[in-house]
Structures are given as C-alpha cells and as structure tokens.
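Copied from TrEMBL, the annotated features are:
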{"type": "BINDING", "residues": "H2", "note": "Ni(2+) binding site"}
{"type": "BINDING", "residues": "C73, C76, C89, C92", "note": "Zn(2+) binding site"}
Amino acid sequence: MHEYSIVQSLLDSCEENAVQNRATKVTKVVIKIGVMSGVEPELLKTAFDTFKEKTLCEEAEFVINIQQIVIKCNKCLNESVLKSIDYCCPKCKDTDIEILDGEDMYLMQLELE
C-alpha cells in the first residue's frame, strides 16, 4: 500500500510548513485526489489518522476532495469533465484529447496555529 509512504511525505510537508511559519500545530489539511491518481481515498484517510499521532498534525482535520477527469479535445477545443473513463470528447467523440486534471494528488490547503 503506497498510501503509507504518501501520508508520510504529506505529514513531513505539513510539519515543514508549520515550522517555517512558526506554528505550533496544524489544524486542517485539505488535499485533492484525482480519480486516476491510483490513490485510494479511504486507505489514505486511515493511514493519515494512524500516522498523525505525536506530530504537529495530531489534531488536524483531514479533508479529501475528489477531482474528476478534466479533458481538452484537440479537435474541437472543448474542455469537459468526464463522467466515466471514456477517453473521448463528449462533444465531438474524437479521441485526440489531453488530460488537464484528475491524474494527481495535491496538497491544497493547510491551516496552522
């Protein structure tokens, strides 16, 4: 389960930001996970809740926002949010598309005290 290593990196990043900003604790962590990122949200939450003990994130609320796949069609230039993993433009049905969002995981917000 790579969620454990992801959470460890996330906690390290949170603590580093807290120290840089002279915070004594992290109260909220907001992340965005793309549906194609390969990250399992429930496993990530469980890992976060387990590994946050005795860190600056111990009392932090953990918010996960799921990002659907956003594409741009290179033929008709339409940007769309895909409801399913079709890999074609819902407007013109062409398969020459570029994925704009939904493949990665990002730390979006930290609230510090």
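Using N, Cα and C of the backbone, Cβ positions are placed for all residues, glycine too.
Source: prediction; values computed, not measured.
Around C89 (Zn(2+) binding site), a 10 Å sphere centred on its CB holds 22 further CB atoms from the protein chains shown. Secondary structure at the residue listed as 'Ni(2+) binding site', as computed by DSSP, is coil. Same-chain residues with CB within 8 A of the center of the C73, C76, C89, C92 CB atoms, the Zn(2+) site residues themselves not counted, are N74, K75, L77, N78, P90, K91, K93, D94, I97. A count of other CB atoms within 10 A of each Cβ picks out C73 as the most crowded of the binding-site residues C73, C76, C92. Counting in whole angstrom, C89 (Zn(2+) binding site) lies 32 from the residue listed as 'Ni(2+) binding site' by their C-alpha atoms. The two recorded residues C92 (Zn(2+) binding site) and H2 (Ni(2+) binding site) have their Cα atoms spaced 37 Å from each other.
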